[in-house]
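Asks: Questions regarding the structure given below will be posed in turn.
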Amino acid sequence: MSYEKEKQVAIDAAIAAAKLCQQVRQAIPAAMEKTDKSPVTVADYGSQALICKAIGDMFGDDPIVAEEDAADLSTSEMAPQLAKVTDYVKELVPEATPEAVKSWIDRGNGEVAPRYWTLDPIDGTKGFLRQDQYAVALALVESGQVKVGVLACPAMPLENGECGILYVAVRGEGAFMAPLAGGDLQPIRVADIGDAANLRFVESVESGHGDQSRQSAVAKAVGITADSLRMDSQAKYGAVASGQAVLYLRLPSPKSPNYREKIWDHAAGTIVVEEAGGRITDMHGKPLDFSIGAKFANNQGVVVSNGTIHEKVLEALA
Ligand SMILES: Nc1ncnc2c1ncn2[C@@H]1O[C@H](COP(=O)(O)OS(=O)(=O)O)[C@@H](OP(=O)(O)O)[C@H]1O
Ligand SMILES: [Mg+2]
Ligand SMILES: [Mg+2]
Ligand SMILES: [Mg+2]
């Protein structure tokens with residue numbers, strides 16, 4: 001099946017959302033705290049509203065499983081924040097009202113189904129707040145397999161010194177990147193193992209999102225001696241897909257050993273890497289299971305590689 005329409009709607013929505021995020025970021029955004037103590041900003045809500053509206057308008061029957069929830073924005077003390085979100089959304093959707101914005105955000109409360117979208121309106125909110133990397137990550141999943149993935153990474157550097165990369169993949173059609181500001185999609189490939197300069201691995205910036213000492217031990221065991229490239233968000237998948245790194249390790253943090261990864265933190269990134277020739281499994285070599293729910297209840301840790309080193313990495317982990 002061709003996913004031409006899905007791909008185009010996803011690209012347009014992600015680009016619009018990334019624009020909103022960059023506008024918020026120029027104003028040095030403040031963070032609000034969610035009940036799990038993690039940060040969220042008006043940009044996370046604005047991005048989710050824009051994208052869920054776009055998907056809902058074009059594919060009204062498709063559920064969307066997204067990170068944020070408008071319930072936190074619905075109290076009277078949050079009214080000023082909701083007004084701010086609405087103002088940003090209005091710049092791109094003039095008919096936006098606070099009520100409409102909340103209802104668009106809540107389109108993201110869908111459940112995993114035979115066909116669904118999953119959205120992280122800002123992946124790497126901590127990176128967004130630090131003026132580092134972040135990504136708008138949107139994917140379409142059918143029968144448990146990611147079919148379309150779009151990653152908009154406004155802070156990823158291009159060769160010409162400018163910033164902003166869009167990564168796009170459709171199952172069976174390859175992976176591509178383009179300047180986020182506009183330009184043709186160019187095919188990308190993972191790095192070859194013989195390419196010693198690219199023997200780098202990527203990992204999270206936040207030490208609590210992984211096990212950095214085990215990650216560097218595993219990288220060393222497969223011959224990667226250079227220091228890791230630390231990067232927030234699914235931009236790490238973009239780095240592997242385009243050959244800047246051969247490995248992304250995300251092993252359970254000793255601080256939260258029972259944490260289960262969320263589907264929106266990986267869906268778009270995984271198809272971009274797979275279509276660029278790479279491989280993804282959990283730390284035990286099992287495929288990530290996108291068919292059960294918002295959390296990967298049956299997977300632990302994530303290993304993303306250029307493919308050729310994957311078995312060696314799994315052996316080092318075993
Ligand atoms: N304990 C633990 N272990 C693993 N992952 C966790 C954990 N806690 C949170 N999260 C999720 O991490 C998402 C951000 O991941 P990053 O790789 O961007 O982390 S980092 O900012 O580079 O450190 C972040 O996504 P966003 O909330 O979209 O930013 C969280 O979903
Ligand atoms: Mg979050
Ligand atoms: Mg995330
Ligand atoms: Mg997020």
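Keep in mind that glycine also has a Cβ here, set from the backbone N, Cα and C atoms.
Note: TrEMBL annotation is automatic and uncurated.
According to TrEMBL, the record shows the following:
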BINDING   GLU67, ASP120, ILE122, ASP123, ASP265  Mg(2+) binding site
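Buried or exposed, and what's around them? Tell me for each listed feature.
Replies: The 10 Å shell around the Cβ of ASP120 (Mg(2+) binding site) contains 31 further Cβ atoms across the protein chains shown.
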Asks: For the binding-site residues GLU67, ASP123, ASP265, work out the Cβ neighbour count at 10 Å and name the residue with the minimum.
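Replies: Minimum Cβ neighbour count within 10 Å, taken over the binding-site residues GLU67, ASP123, ASP265, occurs at ASP265.
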Asks: Are any of the binding-site residues ASP120, ILE122, ASP123, ASP265 near ligand 3, with a Cβ under 6 Å from it, and if so which?
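Replies: Cβ < 6 Å from ligand 3, in sequence order: ASP120, ASP123, ASP265.
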Asks: Could you find out if DSSP has GLU67 (Mg(2+) binding site) as helix, strand or coil?
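Replies: Going by the DSSP assignment, GLU67 (Mg(2+) binding site) belongs to neither helix nor strand, so it counts as coil.
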Asks: Can you list which of these binding-site residues (GLU67, ASP120, ILE122, ASP123, ASP265) have a Cβ closer than 6 Å to ligand 4?
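Replies: Correct list: GLU67, ASP120, ILE122, ASP123.
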Asks: List the other residues in this chain whose Cβ sits within 8 Å of the Cβ centroid of the Mg(2+) site residues GLU67, ASP120, ILE122, ASP123, ASP265, in sequence order.
Replies: LEU119, PRO121, GLY124, THR125, ALA135, ALA137, SER233, GLN234, LYS262, TRP264
Asks: Any idea what DSSP makes of ASP265 (Mg(2+) binding site), helix, strand or coil?
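Replies: Its secondary structure by DSSP: helix.
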